[in-house]
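Quick notes on the structure that follows.
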């Protein structure tokens, strides 16, 4: 199919146009990069590495043999050139989660959305500039379940001599949460997709790749955060877990939340931080004025909002104060370990209240540019459903069906050509259609008694947005298989969370309560279990942008779609042409 599409006379005409655009655009781009920041080069070798956890050694896919993967450090305005070389048998793509990718959609990374995968023995240079962003983000694989081991932090520092809008920390520490499987995760999801049932859950959660002492045979694999008394530490928290939202806390210490998804927020104090997969949060940890006679447990465990099986375990690390001359006299004594009190596993009330505390700074330096009026309104239901089992096959879902997930009752079918290529070269026929429903195909009591008919439709459908559209999107959870919190991630944009609530969204009453002054600005948001969330964003970034649930199992089942944002009229409002080394399908 791909060879037919990309070998026609019109295709070669497109190539000539690309060459023209390249000459037209690249010179100003290089000039802009020269003045606003520096170019940073990274080399990512995708290769297998033997790693031992929970008394078992397994071969995992890594970047440069590291687990978690290497840290990317840059400043606002810098250009990044990251050469990824694939030495493993799996197809690979990497996504730079939360990076705006202004006009550089070819570097975004989701497989078959913005690029074909990097095949064995091939390489690709991800080329993008960080514009108007600073804070903590992360990178991860964006194909199948390979992000189980392929992930690492992105630290974006402010411009030189620009201070943080909070006390300057003594030290900055990335803390990245993940999941560990004894089984091969590709086998886990492949088996689930064949049987139509839910996949097996992980065996452990990890802090910076280490499960901690609560797991069997894991005491030596414990993360230790060593601190000095009377100091302020900036903890850059990242939830890279595949399928679980996580509560995080440090015993006997209060945390001050100062940033969410690489956007500064109004600081607030909390004992517990909640992160969905895909979310990042910066917190300030102020240590005690004197070295205490105790060690403090750092802990993370899941927030569970749905009926599915989950990994009911807790990963822990240790916060250890450096010993002073006074405390070394009692070194023979074993210090007591104090444990934090985490919310209950299903504490949806805590989740809702916590998220309502996150507010943009909304000041002159860091304005909240939320669209005050909108010209495109969408209402999307999100949730699980079923689809018929293939002929001559037995499936494990209800009544011999397979479990699927959908948005507005459409379960996304992955194409075999990247959507962005098909869009750019005007070759969408047979690849995608532009009839994604703007509202659910039928109305029902979304969070009430489930419908009898749980069947969903399939398709590769997109929504087309004119450049600079002001969009309002309401995401409504459904209880068809069971109400559940869904962390929705939008590529290519930050959005403003202008409202959220429980039950069914009321289009007359609920918009009157929107926060259009200082709403949270995010790239990933948890749709409340049995509730709704209202988002606004401006479609000022041309390209094809993926939106999906960041629970990997739901993405595999089809809870995903794409927005096509058309070019604007000015040269700096148009998608740049593809790079020469863009992988081929």
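Each residue, glycine too, has its Cβ placed from N, Cα and C.
Those TrEMBL annotations? Automatic predictions, nothing curated.
What TrEMBL records for 1-32 is signal peptide.
What TrEMBL lists as domain 'Plastocyanin-like' is 47-159 (among others). Note: the domain 'Plastocyanin-like' (47-159) comprises 6 helix, 57 strand, 50 coil (DSSP; helix = H, G, I, strand = E, B).
As annotated by TrEMBL, domain 'Plastocyanin-like' applies to 172-323 (among others).
Taken from TrEMBL, the feature domain 'Plastocyanin-like' applies to 436-567 (among others). As a summary of secondary structure, the domain 'Plastocyanin-like' (436-567) carries 10 helix, 60 strand, 62 coil according to DSSP.
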Across the domain 'Plastocyanin-like' (47-159), the model's average pLDDT, rounded to a whole number, is 98
